[in-house]
């Protein structure tokens, strides 16, 4: 690979001190790096000379990043920043502990079916969110799936993978690993749609179940197999795999894209249904445990005052007009950050937050007179978007509850209006943490036939602001007696009214625009479906519903919350 044959450990790259080479691939090298401006440890991907000098790639990467920026899906790994320094493109990402699925399969062999289904479902959630936003991944494979110790799965390399053409991948030698998961239409002149990602995810499911990709051999034979060979049956490869998985794999890997599942969620649901009843419970438990697990906090490292670094060039490229400074530079004042969720990362131990920043190229504009704000305390109340809802609470809260509601359900409104204030107080006091879930099963009872989904989408737009108190306020406001629509009413609420409600509780313009544009409708549909499945796992018959981690809470007892938090 050009430009990165030798490790650059111990050297400086702009404001980044490259500490350790942690990954190397066809598109670039990945380093554990110290960001000396923001005083944190990150994963830094340095793109190869070939890609960095390719104006088409540069343009596509910008475009794909903007598209991926609409994603607010917890299983998509985001980046902190990207740009160009000294003519080399880079991507700055959060560094956490984890292992890619390919390494896990090499070490452990095939996964138990419940675990395989749980991992594929999480990746399917990420892909469905991307597809709803008009983005495709194009390189779904075990190497691009990161699994934490708690089996929380992340899909990486969004933006980079889709910005790179198949021809470029071939030139860089990346196609060998990718071929095992490429849909037949990608080998022809046919236009590949998002269903190529569904095909690839099905191949990943097959490999998780059996320990090997569906087709093996040299490049030409694998390509030919994808196009012409019969779809293999996992039950004949590994004893103990339910025969029902044969049909799941056959549909997901159908040669004709139109014969495949419509969404990755459909694939995941079919895979879950193929499990034996006991294994379905195990898969649900794996998902629940992975979602409850606290996401790791990025590590930091003290930085000496007066650190020296070369300044970056603007994204437009060109020969840098300056050299390294002759004296220490002050910390630069930066322009306001443009908040986006750029879903792109690398095959290393990475995990992401929800709101991420694409900064304008920083410029030195004089010394700063104040120190940077301290990081929040480790026990601070935080917000995390989950596969089926939103977590609000502190890591030290002794009790975590699940609350399920439907936006036009009258008893749900009564429940929230009665207890929201006390719940908020308990969360602020770190006595309680809450996983909020919103469902949409009453859509057809609303005047617009989709109000519940629109309300769920609005809640995720607000969650994207990453403000726990704001989210809880908006969730409660949806059920206000002067706002909540009723079943079979002559009217419900418009997107403009939902946006105004968000504005009244303090949402920023980005969240308001998200609501008005309907950007999160696909995410809402997926997450509401996931929430319904989670609710079904508790054998609940409807909403409102409260679960304390071990049993159903009788919320009709006025003292239920006091009893719960002692």
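Just so it is clear, glycine is given a Cβ too, placed from its N, Cα and C backbone atoms.
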Co-listed ATP-binding residue [Swiss-Prot; alongside 22, 23, 24, 25, 26, 27, 28, 29, 30] among 45, 141
45
May I ask you to indicate which of 191-225, 226-260, 261-295, 296-330 is given in Swiss-Prot as region 'Disordered'?
296-330
Swiss-Prot tags one of 149-169, 170-190, 338-358 as transmembrane segment - which one?
338-358
From the modified residues 7, 11, 50, 59, pick the residue whose C-alpha lies nearest to the C-alpha of residue 26 (ATP binding site).
50
In the structure shown, which of the modified residues 11, 50, 178 has the fewest Cβ neighbours within 10 Å?
11
Per the record, ATP is bound by 22, 23, 24, 25, 26, 27, 28, 29, 30, 45: how many Å separate the farthest pair of Cα atoms?
14
DSSP state at residue 139 (active site, proton acceptor), helix/strand/coil:
coil
Out of 7, 50, 139, 178, the recorded positions in the record, which is closest to residue 22 (ATP binding site) when you go by Cα distance?
7
Inter-residue C-alpha distance, residue 24 (ATP binding site) and residue 50 (phosphothreonine) (nearest angstrom)
15
Segment-level pLDDT (mean, integer) for the topological domain 'Extracellular' (359-566)
87
Those modified residues from 7, 11, 59, 178 that fall inside 10 A of residue 139 (active site, proton acceptor) by CA distance are 178
